[in-house]
Every structure is written in C-alpha cells, then in structure tokens.
C-alpha cells in the first residue's frame, strides 16, 4: 500500500508522532516535546497565554461547495495565524504553541503530515524565530478538532488591554479587512474553484486564500503598537464592528468608524462581491478572520508602520459608522 | 421554559460565557479572562506547559452501559486531574489553565455550568491556591471536546525528566493503581449502576468514581519528589508497564517491577474484578488514568511521603515483572 494512502487508524500514537515531529521545525524551548510537559523561557517573569480551536464543519469544511479540499497545511497555518494574533494583540511576541489534534481514524496520514508542515510554515512566517511547537496531544474523534494554546513574551512592556481607550483617542488598524469574509463567500459559492492558488481567476482565488491561509499583518505590528503607546488593542477576529464594540464596552467609550474611508475599502472589493451577489461593505464591517490589529492611540501618537486611521473615540457607548448605525455587525462564533 | 432545560444553541457566546465565568472561582492571574490573552506570573523566568484533551465517546461516554450519565462536573474535574498531573510530574506546581470547549448545540446549558463547577472544584482540590482558569474558547462541534492547556511554576527547581533514571535507582510510585481501569470496566458493564456515588454497592461505586473523577496523589507529591532528588518522573496515564517503559526508553535503562508487591495490590482488587470477569493484575499493570506519579530515586534517597517502592532500575532495556515478561501492557490513546 502506498504510504500516502494510509489512514491514522493504521498507525499507533508513537508512529503518528514520528510522522509529525520531524516536520515541526527547530525546537526553541528550554525543554521541548517528549516529556510530560515542556519548559519555555519567560524572561521578564510573566507569560502571556491564550487558546483557540478550529473545528471541521464549524471553522472549515474539508470539501467546500466550490470544489476545494482543505489541506492539512491550510488548517495548520490558520491555527497559527489565529493563535499568534491573540498574543500580538497584547503587544507580546509568540514564544510557543502546544497543539492538540483530535482526528477521525479515517484521516489520511499525509493530511496530518501536511498539517504539521502548515504549523511550521505558519510559525516561520507569522511568529518570531524563538517560537515553536513545544508539545501536543493526539486523540480520536468523529471530527477534526485542532486546538492550540500559545504563549507570549511581553519583553518588559505592559500588556495592551481592550479597556484603555479614552475619548479623544484615534482608532487605527493594520491588516486586511473583509478579505477572509470574501474568501468564505467564494468557497461557499457554486463557482468552480478547486485550486484557488493556481486559479486563472486571480481575484476570486486570492480571496479564497485569504480565508484558507489568513495573513495577519507583519509580526512586529503588535509590539510596535504597544511601544508607540497604544491605549487599547485587539485582534479583529469576529468583524470590525463587533470587535470595535468590544473595545468600546471594555473602555466605557463610544467609537465612530470613518465611513468614507471604510466605504472606499469596500469599493475595492466591489467587483468580486458583485460576482457573488454580496455586499462588500458587509465583508469589511462584519467579516472576521483577517486577524488585523485594531488599536487606539492618544491624539498625539505617531502611528506605527502600517497602521491606518479608521475612526475616533468619543465619550458615550457603542459603535457608529459616520455617526449612524453600522450597516453590518459581525460574527458570533458560537451562535454562528 | 425552565432555565435548566435550555441548550447551548439557544444562547449566544456572550450569554454562555456569562454562565461559565462566575462558576470558575477566584481569578489568580496577573490578567485574567476577558482580553485577547491572559498574563500569568512566571516567578523564576520559566513556564512549564502541557495540553490534554477529553473527547466524548473516546475518553468518556455521556451514557454508559451501566446507566450512568457523565456529568459536566465529572468532565471538568477529570480535565483538571489529567492536566495538572503532567505539571506535577515535572516537579512543578500548576499556575493556570486555559480551556477550549467544543459543544454540540444540543448540550444543555446546565451541563456546561456543571463543567465549569467541576473545573473549579478540581483546581481547588488538586492544584494549589495560585491556579485558576485564565482564559478559554467556545465553539460548535458534533461531539463534546474539552481541551485544556495548563502551565506550571518550577519554583527554581530543575524539571524532572523521563530520561534521568540510572542503573541502581529505586523505582517508586505514589497514587492508586488500577482503580480507574476497574471503574472503566464497571461503567462499561451491564451491571446497573446509574448512581455510583450513592450506590449501595460501595465496591463497584467507588471504582466507577475513580474513573469518572480520578484523584491523583496529594498536590505536593511532584514537587516533593523533585526536592528529594528524583532522577526521573512521569504521570502514569497510560498504564504502569507502558509508562515505566517510557522512563526505561528515555533513560536507556531496564526496569524490573516488583511482582510480589504488585500482585498484592492486584489481590485487593480481586473481589471486584471477579464480579466483572476481569483480571485485576491487568488493571494494575495496564490500566491508565489513575494519574499517580512514577519516579526513580538514587539508592540512598529517602522517599517522599506516600511514595512506595515498586521496583528497580538496571542496565539494559525494557520492562520486566519479577524478571519475566509483564502479563499486561497498557493503553495507546490513539490506537485505542
């Protein structure tokens, strides 16, 4: 039987781990995988920690209506992207991941190998050099469930919370807005796009890739915002309006989004949205999973590289769009 | 509709979190739940970290053949027990958990509340006072999947690895052996035992409870073993023979188990095993999930409180039972 066609129920745990570990890249921990637990450095006496999960059929489909089959690489990459974004949003740099894989017995071994390579590639592209997978867990289930906990190092800085925005602050953002939502619409559409990366239709192909392998902004953006005096910050994972609302609520302020600028961002997505019968402003305001960073800065602050002014902080509560009710809200991961 | 009868698909994420957080007990982190990530103290500049998952139908059944319905409390407790054991096995004390819950929409809200209470009770009983749930993630899936990553503090000590055992060392263990395996046999049996805690049949009821709510040895056992100079240590989660084999392999040594003593431990389980048609020695040697600690110590070491001599370390490789091939091995979480 060719190696690639084997499924995970044909290997024991040890044999499967032996397929995974060599693909994870260099181990950067004080004590890496293989014991009951790993040991990582926490140079400033604190560790930032977060956890996030991807579930088959809730967070990705193995086979999309457009014909694309999600690769293990996609899931590994996305797992890293969404996890490290939470660490960056505190102004920290990622230092390690521990990853738990729940797999149906019918999962192909090559798919799992590909997942390990996606984790390694995601870490190499989106984290810093002193980050690696330092441990994990393997088990059986009826669906693929990939959970990672990620740690980070604040490098002596104060963590940037959601609660520090003040009236008069500038709201700024770095990263893409609405691309992952557009990609979801492409993947869920009846349009044939079995190979987004190789598609002649670059417009739709690149949107699909933004959903499958999101590219959060450059790795230093979070720490740079912290160093520039960001008063509040979070990772935009559930949509701009919803996540801006989280800053507003935590800080006890109102946020007004720049309707002119955001409409121009939506305008750039209008051709693709038109082909899918979708509203591009809904992608920009309500779409999650781009994992940009949304932060507030004092009125005198010099915005770090890549950050673009997106609105203003006022006294009051709630989120407005050019002073009006926003035309779209966002994504509730649970209610769906 | 009475509150308890609601299912999680009738609540959004925020409302469900509002049911969970108040039940988790006091927050001990530098920055607790509610932001993109938490911040915990790492007083000696290092953090120990591990991850472990419980999956419905693989690690527990919601309804067992004996008629017992697994409560959320059971799953929360067991999640803590198996996670903190990995931290103790390094000689560290647990400092935080981050918990990801994947839930079918039909899960009752009261079951999830109960799970939060099981987490809190497990932490209060099995961890130290400076440990709490500092963050989490909620999502939808077709099965209940509970993943926790747990951190620990080595309090300035060296981590105790699996690889430090040397010929001449004593093998010692603290905790129960074979009870959780016996409990699994009870729960999987056709015997009626819908209420193990209240069962008149205390023998079978207490075994079932050892599977449902394992009680690892006292919280300081791991740090005490480290302080007493343990040369190697691990948490017995997959069975004594299998886990002793891990120390033997990592350390490049052979381990001989004390057949007389272990047979006498099995003898104590013989009445229950007899009623179930099972071999009690198989429970003792092959049963996992009791989460005792297995450690090696130099021949002159004074064993810490609770540790019992269980065998010897020799040159060579592999695990023997009174010099012979062990009559039982253990559990492969993946191959099942």
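Just so you know, glycine gets a Cβ as well, placed from its N, Cα and C.
Lifted from TrEMBL, the feature list:
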BINDING   B:36, B:50, B:86  Mg(2+) 4 binding site
BINDING   B:36, B:86, B:235  Mg(2+) 3 binding site
BINDING   B:52, B:137  Mg(2+) 1 binding site
BINDING   B:52, B:86  Mg(2+) 2 binding site
BINDING   B:59, B:289, B:331  substrate binding site
BINDING   B:136, B:137, B:162, B:237  ATP binding site
BINDING   B:238  Mg(2+) 5 binding site
DOMAIN    B:34-152  domain 'PurM-like N-terminal'
DOMAIN    B:166-267  domain 'PurM-like C-terminal'
So of all those binding-site residues, B:136, B:235, B:237, which one's Cα sits nearest to residue B:36 (Mg(2+) 4 binding site)?
B:136
Using a Cβ-Cβ cut-off below 8 Å, which of the binding-site residues B:59, B:238, B:289 are near chain A?
B:59
Going by a 10 angstroms cut-off between Cβ atoms, which of the binding-site residues B:50, B:237 has the sparsest surroundings?
B:237
Once the chains shown are all counted, how many other Cβ atoms turn up within 10 Å of the Cβ of residue B:36 (Mg(2+) 4 binding site)?
26
In sequence order, which same-chain residues at least six apart have a C-beta under 8 angstroms from residue B:162 (ATP binding site)?
B:232, B:233, B:234, B:246, B:247, B:250, B:251
Consider the binding-site residues B:59, B:137, B:237, B:238, B:289 and say which one has the Cα lying nearest the Cα of residue B:50 (Mg(2+) 4 binding site).
B:237
For residue B:235 (Mg(2+) 3 binding site), which of the binding-site residues B:86, B:136, B:137, B:289 has the nearest Cα in space?
B:86
Whole-number Å only: compute the distance from the Cα of residue B:136 (ATP binding site) to the Cα of residue B:86 (Mg(2+) 4 binding site).
19
Looking only at the domain 'PurM-like C-terminal' (B:166-267), what are its DSSP counts of helix, strand and coil residues?
52 helix, 14 strand, 36 coil
Between residue B:238 (Mg(2+) 5 binding site) and residue B:52 (Mg(2+) 1 binding site), what is the CA-CA distance rounded to a whole number of Å?
13
